[in-house]
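Novice: The following block contains the structure, expressed as structure tokens.
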């Protein structure tokens, strides 16, 4: 039995599906997008759509009017989507003259990392796609946010640095050539472990240097990339060219709005590796990714999407250069003092929408009237902000940033006087421009809105002109508008009246003026739509001519929003301005954990001091019982350094911070089953990374290093780590080491740069009272059994533990209890 030949339409589907690859294919058929075979089953399972069959082929459909909603749902679940459209007229076969299917082909792809306009785009988060390339031991990557056009490249010297950089960016999609994906499985697995992302591959040739560099020079219309500062960055250029080709040639997406790729100077940033970003809960709480108790949530007082994205970018990659920090501190201080000005500007900032992404929609032809209206309102708010700032003596950070370009001022005036207040979603809905924008627009709308009024007025006028009181204007579907008079009055009509029809006792006429009115009425909607469509295109073109000026305005407002957000935070929380310089000092007086402080009643959080001067103290050994605040304190120091190097005020009475180049943390651990690594192995790997990469300007936070093995092994490892960080040249980082190993505290006696501190506890009738104060000296007791009791241990177990502890601390050996002395615990 021969296999049934597919219909011409299904042949089209198979051709499109081959192009779609691993994407779900939505195939336009009339008023629906259909999915077939496995794609139909997938839609049924993930979108709860009805699964049907036709000739044994599974199929499922989505109405054209709601396709974007369903595409977003698929993308949100991590799928890629290809959309095939129908166009033209049905094809005719030459010989039989039979009507064939309409032409169909894929017109666009949608992937998680290439969203242009979607409900999935979060206002204050970039949506990145990152492409990776490797040459020898050197990695290059290119990072693009297609929704804003932001594009930059970077190179990394090793796998750890590459993974940290990509995790810091948290892309939605990672792209590589097929060869890289198949060879670098360890990198792929690490990225999948840390991030929820889509992995995509593209042709190897697109990442070859000759093609990639030519792709970039052609797109940006230059002869060489050297003028962009990209000279010699071969792996990164290859990644950028491969990414651009993937977007343009594979996904068929618009790219003319993509900015010239920038390079990022890593030496000018405080580097925070992936583990530290997670451990310090910069973006999300450890045990609650959607929770609010992160540093980002506490610090974010921004009013605009651009300002929110800028805050997040700086939080995960703060400044290193004291000059950059100082100018932002000055700006924060200025607005902290100018309370009224700050509030006024905040009011206008709240009226500013996402100018970056709106401009992308204009550039790619996706903008509707409402988008242009939103731009108008945002521009107007920006102009009001500049007007507020005009009379102020601005700090250095805002010099040359807060003056309105004259061309942009003219555009704002044009938008304000030409667009209606309440704008439609689509151009085809009409009523975009005010009547006064164009005479033809005014005339057509007037005729449309006052057609019956015009008929009555015209009827009265020609009655007076002819003297025929019974003359009337009527309408018939076949004739349209006509003038009717009794047959006896027909000779009295002027010669320019044109006879249309004769009846038994009446004659019907028209006039050139009535015909013009008839033409206007019959085509008025079409004419209005044609006119407004052209006017809208012209307006968008005019906006695009000022794209550079508009994006400069967007960046200026983002900077302003960022600074005012920090000023609001400092004002609301009573923060202080830290002194930040190139010294070897880390001194904080009455510092508080910025997140923990907000979770307790006002005045209840206990502040603590930190004093580390390179010539005196480089390492603090911190002992004390669990739950006494050790981990909170050491995290607190890292968070305050990050805030200070963002240009922010910090929760302290005063502070002097010499800039830190890198922050490392080793806090807690869990098994990494995907890599076959135990808790202890994870701990050792992270500690090894610190030992290899820390410098004498780094800050190292170590919590209980060595606890995952036997006591002596753990103690030996912990002391070796301490000595390495104390005595190895160029590795003498400022270190806070929380430990239960009392033996380490003796290092203070013969190491001049070590100081012992402990989390204070008061012993009250045998019960510990946690003071949450960090005090000089080492702890005498750990109070671990007390913590076990608080955790709900059975009292018999607690009692036995206390007995064993007394025996361990005394001269006698541990006794084995009688079987009946110990209550048997059930498993369930």
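Numbers here mean position along the shown chain, with the first residue as 1.
Glycine is no exception: its Cβ is also placed from the backbone N, Cα and C atoms.
Below are the features I grabbed from Swiss-Prot:
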BINDING   624, 625, 626, 627, 628, 629, 630, 631  ATP binding site
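Could you give the neighbours, burial and distances for every feature on this list?
Specialist: DSSP assigns residue 628 (ATP binding site) to coil in the three-state reduction, outside any helix or strand.
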Novice: Have a look around residue 628 (ATP binding site) and count the other CB atoms within 10 A of its CB, chains all included.
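Specialist: There are 25 such Cβ atoms around residue 628 (ATP binding site).
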Novice: What residue among the binding-site residues 624, 626, 627, 631 has the most other CB atoms lying within 10 A of its CB?
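Specialist: Answer returned by the neighbour count: 624.
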Novice: Taking the center of the Cβ atoms of 624, 625, 626, 627, 628, 629, 630, 631 at the recorded ATP site, which other residues in this chain have a Cβ no more than 8 Å from that point?
Specialist: 759, 770
Novice: Please give me the CB contact count at 10 A for residue 629 (ATP binding site), counting all chains in the structure.
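Specialist: Its Cβ shell of radius 10 Å holds 24 other Cβ atoms.
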Novice: A 10 Å Cβ contact count, applied to the binding-site residues 625, 630: which residue has the minimum?
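Specialist: Least crowded of the binding-site residues 625, 630, by Cβ count within 10 Å, is 625.
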